[in-house]
Amino acid sequence: MSREIRSMRESLPNVLDSYKISKPLFAFILLLFDAILVALIISYVPYTKIDWDAYMSQVEGFLDGERDYTNLKGDTGPLVYPAGFLYVYSIIQFITGGQVYLAQVLFGILYIVNLGIVFFIYLKTDVLPWWALGLLCLSKRLHSIFVLRLFNDCFAMMLLHTSVALLLLEHWYLAMIIFSAAVSIKMNVLLYAPPLFLLMLKGMSIKGVFFALLGAASLQILLGLPFLLFHPIAYISRAFNLGRVFIHFWSVNFKFVPDNVFVSKEFASALLLLHLTLLLVFAHYRWSKHEGGLINLVKSRLSNAVLESSTIQQFFSRKSRFKTPSGELMFVGNFIGIVCARSLHYQFYSWYFYSLPFLLWKTPYLTPLRLILFFGIEVCWNIYPSNFYSSMLLLFLHLCILWGLWISPSEYPYVEERTSQGKEE
């Protein structure tokens, strides 16, 4: 009897896969249904006041001419986001007049636009079976984050997904500009930076990497210029504060860790060391495996830089043997940061939810286990307040996915070259 049940569980995904449905058509249908769902949520589910009033207070101070970041505050505390946040929410205030309902409609549109971009990424990479695209629409928490709480994470992640989509189209320079714009709204996007830099080393010339980084840095300076000119230290220390300590109560992960340990510098340093170690291990043994390791990759790129043409035309038209980026490196790199984050608040789920199906289908696990992991994580994020057991379970599920990514086969990242001898044969 148990064998029959197990056989049925394993065969169900295969039955779904046997039905041939156009993925773009199914994605379009999902978009329509989710748009209707978002409209219903806005109409019938009460708005939850958390940060909106604080955002509007900070924007009002900026629009009134305040350029000292230490004086830009709201009812939930001081402004801690880079300048792009102020520009985006100033536009939102102009459009909505600060009215919550109009802002919800705007965020509902943002939700659908973001979902459309995410669908494009999945259709381009062709990682999921058609039916699994529906998983991207099933999160209660994500709908709440976008249209009931109006967090700035929504705009940051929409721009991040746009950057990933542009990378898939090999528009490296524009992708970096959009990536920098996302960072200017919320710094969590920097979790994607290490794998993005590695992708650039693989797919661009050294000159290309330099100019792409220069463009991204220039945008940060341009956006922050009104504050950098008058109060540079206040701006940099507040907008790019990497040492913030979050309240233990609001943490979804590590709730099983005692409060005094949670806020300690030792715990933060241990997690940072673990984060950097995992990034280096994945970069050396996984992401640079076919180049002979991370050090060999860097050496080969530096040596190739000497041989690259110095003409502008050839520089911008340089063709690489590197395959079109799949987004895997960026999603895995970000997920490593999520696993090692000291505190994950409820809105932080938007940082990696849309990459979960991608990551799960990159593991060698059977589909039933993938679904268990997916819905298990969703359950953990919908338990309020989080507790000892939910945070312990969330960490366990994260580690299961990370292990699956570690043991999964590594794809050869370069286009196979056909020799003239092979053609003659």
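Keep in mind that glycine also has a Cβ here, set from the backbone N, Cα and C atoms.
Note that the structure is predicted; figures quoted are calculated from it, not measured.
Pulled from TrEMBL, these are the features on record:
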- 25-47: transmembrane segment (TRANSMEM)
- 101-123: transmembrane segment (TRANSMEM)
- 171-197: transmembrane segment (TRANSMEM)
- 209-230: transmembrane segment (TRANSMEM)
- 267-285: transmembrane segment (TRANSMEM)
- 327-345: transmembrane segment (TRANSMEM)
- 365-384: transmembrane segment (TRANSMEM)
- 391-408: transmembrane segment (TRANSMEM)
Legend entry - Spatial neighbours of the transmembrane segment (101-123) far in sequence, C-beta under 8 Å, 6+ residues away: 23-24, 27, 30-31, 34-35, 38-39, 41-42, 47, 52, 92, 95, 133, 136-137, 143, 146-148, 150, 154-155, 157-158, 161-162, 164-165, 168, 327, 354, 357-358
Inset, instruction - Could you tell me whether the transmembrane segment (171-197) and the transmembrane segment (327-345) have 3+ CB pairs under 8 A, leaving out pairs under 6 positions apart? - result: yes
Inset, instruction - Using a Cβ-Cβ cut-off of under 8 Å, list the residues of the same chain that are 6+ residues beyond the ends of the transmembrane segment (365-384) and lie near it. - result: 9-10, 12-13, 135, 138-141, 252, 346, 349, 356-357, 390-391, 393-394, 397-398, 400-401, 404
